[in-house]
Amino acid sequence: MVLFCKIDDVNSSLVSVSVMPILVSHFNPRPKMRLLVQKSLFSIAKCTRTPTSNTVGKFNRHRGLCTSPDPHTKVCIVGGGPAGFYTAQHIVKGRPDVQVDVYERLPVPFGLVRFGVAPDHPEVKNVINTFTQTAQHERCRFLGNVTVGKDVSVEELRRAYHAVVLSYGAEGNRSMGVPGEHLSGVYSAKDFVGWYNGLPYNKELRPDLSHDTAVILGQGNVALDVARILLAPLDMLKTTDITQVALDALAGSQVRRVLIVGRRGPMQVACTIKELREMVNLPGTQPDLLTEDFHGVQEALKELARPRKRLTELMLKALQEQGARQGDRKWGFRFLRGPLEVLPTPDGTRAAAIRLALNRLEGSGEGARAVPTGEVEEVPCGIVISSIGYKSLPIDPAVPFDPRKAIVPNNMGRVQDNTGLYCSGWVKTGPTGVIATTMNNSFDTGRVVLQDLDSGAVDLTEAKPGLQGIAPLLEKRGTAARAGAYRDFS
Amino acid sequence: MSFVSVSRRLLTLTASQSSTINRSTTVNVFSRKTLACLQSQAHRGICSSRVTQPLRSENKITVNFINRDGEKITVKGNPGDSLLDVVIDQDLDFDGFGACEGTLACSTCHVIFDEDVFKQLGPITDEEMDMLDLAYGLTDTSRLGCQICLTKALEGMTARVPDAVADIRQSDGSA
């Protein structure tokens with residue numbers, strides 16, 4: 001069953017499921033948010049772009065279509081996360097004769113905003129209000145439970161739509177590539193985050209938290225989210241969106257120390273300052289930083305640009321004050337170390353320690369390289385969480401893919417040698433940045449799509465069936481098999 | 001249907017939605033502004049508490065925005081409103097502005113001031129600085145619009161909405 005999330009559109013041949021109202025009530029928008037939602041609807045509904053002579057011509061040729069149930073220009077977006085919705089928003093707003101269909105593998109929309117953003121960061125999820133308005137727009141539809149590349153191919157989508165935008169993100173994760181990484185007790189941060197956020201795929205993770213020390217590899221914001229969730233007081237977690245399953249598991253957690261390991265030094269740390277400040281201010285915890293890791297850092301401060309400088313100063317402050325802090329739980333960075341091997345318990349069944357290679361830096365600043373010194377160190381730990389980055393995967397052999405950069409090769413969002421095919425979000429840039437980064441990069445792709453529709457670079461003279469062409473394919477291929485996933489989820 | 005009548009239809013649509021918005025503004029104005037200002041008041045303690053009283057139009061404060069295309073837009077806002085409130089109330093079309101709805105969780109309401117205006121805006125909290133550090137095109141006179149409360153002293157001020165350029169962290173993706 002395709003989950004067809006269009007509240008008003010009950011005449012569709014597809015089953016109509018009201019997913020969106022459930023989500024909205026789940027996030028319980030305050031009156032202020034509701035107002036903003038209405039304003040953004042207003043903003044989308046306004047056709048603020050002045051039509052070029054070319055669009056006017058097309059508009060006249062298909063006059064009336066923009067108000068008919070079937071707008072002429074069909075655009076399809078693959079992936080219903082932030083990139084997909086920001087791209088959809090820009091395109092719907094930019095052209096009055098366009099129908100945008102957003103296809104998503106999960107039954108529910110919003111991707112990593114729902115399943116990636118930490119449960120104690122509800123403010124970040126406010127972006128959902130804008131996405132909801134886009135999804136409820138009369139010329140936008142959300143189609144859940146459709147796996148592009150399996151249920152329908154990209155080629156089929158391209159035949160049915162004038163333009164196809166790939167916004168499916170980075171569902172894979174980079175592996176450490178070291179012996180022992182498949183031992184019990186070793187998790188990917190992606191799965192761990194999915195578990196505490198209620199992602200159906202990670203429901204069965206059941207991490208064993210009966211160990212004193214957890215080592216997280218990687219020092220980005222995801223690593224700090226995981227560290228914070230592992231160490232946060234239970235009373236604090238209870239007030240968040242975290243799943244009951246995760247809350248119950250964390251209530252019995254024995255984890256008292258979390259070490260966050262990175263290949264390079266303090267001045268190359270990948271997290272942002274908000275997440276570091278939350279760590280520093282986390283009640284009941286004290287920092288556990290090594291003075292030798294910060295050798296020469298104070299002297300280098302004045303050379304740094306403001307964001308990096310403030311981030312580094314906050315770390316130095318945490319280092320200086322760590323003796324004065326009270327708390328039975330500790331967190332700390334371990335710099336200039338890379339994983340060599342996860343060491344098993346004597347019976348070989350699960351992780352007991354991690355062997356790290358000590359590094360030194362070659363060069364300085366953002367571009368400094370980590371070079372092994374040859375020394376090694378073993379850190380006993382029952383839990384290893386690898387947080388060294390997400391990774392986009394190819395979804396269809398017909399789409400070009402750069403395996404080294406793990407992105408779809410593109411020029412400003414136009415997929416190489418494929419007119420009418422675009423990409424936005426992490427599959428376009430790689431998996432870095434905050435929500436504003438994805439927003440801007442998605443608007444950029446939206447702008448490029450509109451340019452090509454306006455200029456005639458994408459041929460609009462041919463009528464395309466859009467969803468009418470895809471729906472029969474989906475029904476024939478029995479996506480009903482995965483309706484069960486939706487029942488489990490709800 | 002001709003292009004003109006299509007446009008007219010769209011205008012009608014716009015007008016009908018606009019009246020819906022006005023109604024909800026009346027209903028929600030207290031809670032929304034209280035929220036926006038409580039945050040700033042807690043941080044800065046200088047905002048007017050007049051938001052709960054009826055305001056006459058002569059009390060309004062003129063604000064100029066320069067949008068991403070370099071166009072100047074002049075609007076009026078109530079004392080105590082944040083710049084984000086003004087952008088929403090006046091339906092200013094700055095794409096993506098205020099994505100987190102004024103909760104200090106993003107930097108999309110980043111605005112830039114002239115030095116003399118910037119000095120009048122009062123102290124900046126660490127949390128605002130933290131978010132500004134992620135803003136596109138950060139300058140020494142940058143602020144987040146959701147944290148700026150209108151006061152009489154700011155009459156006629158100009159806030160520039162910077163163009164989105166390459167993110168500082170695009171070149172810093174390694175973990």
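Every residue, even glycine, has its Cβ placed from backbone N, Cα and C.
As recorded in TrEMBL:
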- A:Ala83, A:Glu104, A:Leu112, A:Val148, A:Trp426, A:Gly433, A:Val434, A:Ile435: FAD binding site (BINDING)
- A:Gln219, A:Gly220, A:Asn221, A:Val222, A:Arg263, A:Arg264, A:Glu275, A:Gly433: NADP(+) binding site (BINDING)
- A:74-230: domain 'FAD/NAD(P)-binding' (DOMAIN)
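Chain B comes within the C-beta cut-off of under 8 angstroms for the following of the binding-site residues A:Gln219, A:Asn221, A:Gly433, A:Val434: A:Gln219, A:Gly433, A:Val434. Here FAD is bound by A:Ala83, A:Glu104, A:Leu112, A:Val148, A:Trp426, A:Gly433, A:Val434, A:Ile435 per the record. The longest Cα to Cα distance in that group is 26 Å.
Between the CA atoms of A:Gln219 (NADP(+) binding site) and A:Gly433 (FAD binding site) there is a gap of 14 Å. For A:Arg263 (NADP(+) binding site) paired with A:Gly433 (FAD binding site), the C-alpha to C-alpha distance reads 20 Å. For A:Val148 (FAD binding site), the nearest neighbour among the binding-site residues A:Gly220, A:Asn221, A:Val222, judged by Cα separation, is A:Val222. Among the listed binding-site residues, namely A:Ala83, A:Val148, the Cβ with the most fellow Cβ atoms inside 10 Å is that of A:Ala83. In this structure the C-alpha atoms belonging to A:Arg264 (NADP(+) binding site) and A:Gly433 (FAD binding site) are separated by 19 Å. Contacts of A:Val222 (NADP(+) binding site) defined by a Cβ separation under 8 A and a same-chain sequence distance of 6+ are given as A:Gly116, A:Ala189, A:Lys190, A:Val193, A:Ser387, in order along the sequence. Site extent for NADP(+): the farthest pair of Cα atoms among A:Gln219, A:Gly220, A:Asn221, A:Val222, A:Arg263, A:Arg264, A:Glu275, A:Gly433 sits 20 Å apart. Distance from the CA of A:Asn221 (NADP(+) binding site) to the CA of A:Leu112 (FAD binding site) is 14 Å.
Counted within 10 Å of its Cβ, the other Cβ atoms near A:Glu104 (FAD binding site) come to 26, all protein chains included. Secondary structure from DSSP puts A:Val148 (FAD binding site) in a beta strand. Around the Cβ of A:Gln219 (NADP(+) binding site), the number of neighbouring Cβ atoms within 10 Å comes to 26.
The Cβ of A:Glu275 (NADP(+) binding site) lies under 8 Å from the Cβ of A:Asn221, A:Leu224, A:Asp225, A:Arg228, each of which sits 6+ residues away along the same chain.
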